[in-house]
Amino acid sequence: MNALKNDRYLRALLRQSVDVTPVWMMRQAGRYLPEYQATRAKAGDFIALCKNTELACEVTLQPLQRYPLDAAILFSDILTIPDAMGLGLYFEAGEGPRFKSPVFSRADVEKLPVPDPEMELSYVTDAVRAIRKALAGQVPLIGFSGSPWTLATYMVEGGSSKAFTKIKKMMYAEPTVMHLLLDKLADSVILYLNAQIKAGAQSVMVFDTWGGVLTGRDYREFSLHYMHKIVDGLIRENEGRRVPVTLFAKGGGQWLEAMAETGCDALGLDWTTDIADARRRVGNKVALQGNMDPSMLYASPERIEQEVSTILQGFGTGSGHVFNLGHGIHQDILPEHAGVFVEAVHKLSAKYHQ
């Protein structure tokens, strides 16, 4: 594998010195880019795009051709594991992801297979290998998965949800079934992320998109416990260097201390958490990623730069910060505004690393 020309993203995750704060964007390969729209049209639909190695590689690289980003992230979806378990993933126009066969009972959970990443999910590992080759050491490649709790919400609800009544019913009325499902998902995520690492992912991220809908006690029992299990089960060194692990829980700002105890290297912050406060609380244990409100990219270039400056100032001097949005970039953002954001991070952060 090629030596990395730019490793500041990996260095920042390990709180090692960097020249400027590294930056990438969640959903940086996405619908706000006209070139992505063109490639997606070529694929036919989103799932076909994810499963086409050549096109998934193409869209992963598109934002790097536009912006001086410090990392690439595998183009895929968090729901690949439940799809590989046979739940029948499809996308309903205006509705988001749906499953043909949601999970309702103990029998449903017991019959779920743990997918073999090099069989049912080989399109993902093939894409990782292709992207690593195409990157040629330009920047590191991030692999990722949904967290067991977040995957379970989609599997039990049958898709997206606002109230999460079905999964909370399972959690409170049948906790043993809930734990059986989460345990199986944790095993699947470990295999899946380790396969991505073996295929060439240089860092991995676990997205707990719906962790924030739980009480603190339930979060520890039904989400964090399984994230801890995943961190313990991951390959932490490959190709002669550490493979950093980032945990991101949307709405999880109140649990940073508990999340930092998992042994992960970094925590992703959504925009509702104050980064200065987060650094005071856990900055001696983990790096922090984030955390500009993605909607700030609707603002003027001057206002975007001002917000970048405020967040950099909030984090303060030294390494241990990867700049990002607090969640995925919106599909109607002007690509030029994303460029202003990325360049502002590099331009304004150098003074914090002298």
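Even glycines carry a Cβ here, placed using N, Cα and C.
Values in this document were obtained by computation on a predicted structure and should not be read as measured data.
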Given that Swiss-Prot annotates ARG27, GLN28, ALA29, GLY30, ARG31, PHE46, ASP77, TYR154, THR209 as substrate-binding, name the residue from HIS179, HIS228, HIS321, HIS327 that shares the site.
HIS327
Residues near THR209 (substrate binding site) by Cβ (under 8 Å) yet at least 6 apart in sequence within the same chain, in sequence order, are ILE78, GLY146, SER147, THR150, LYS250
Counting across all protein chains, other CB atoms within 10 angstroms of the CB of ARG31 (substrate binding site) number 15
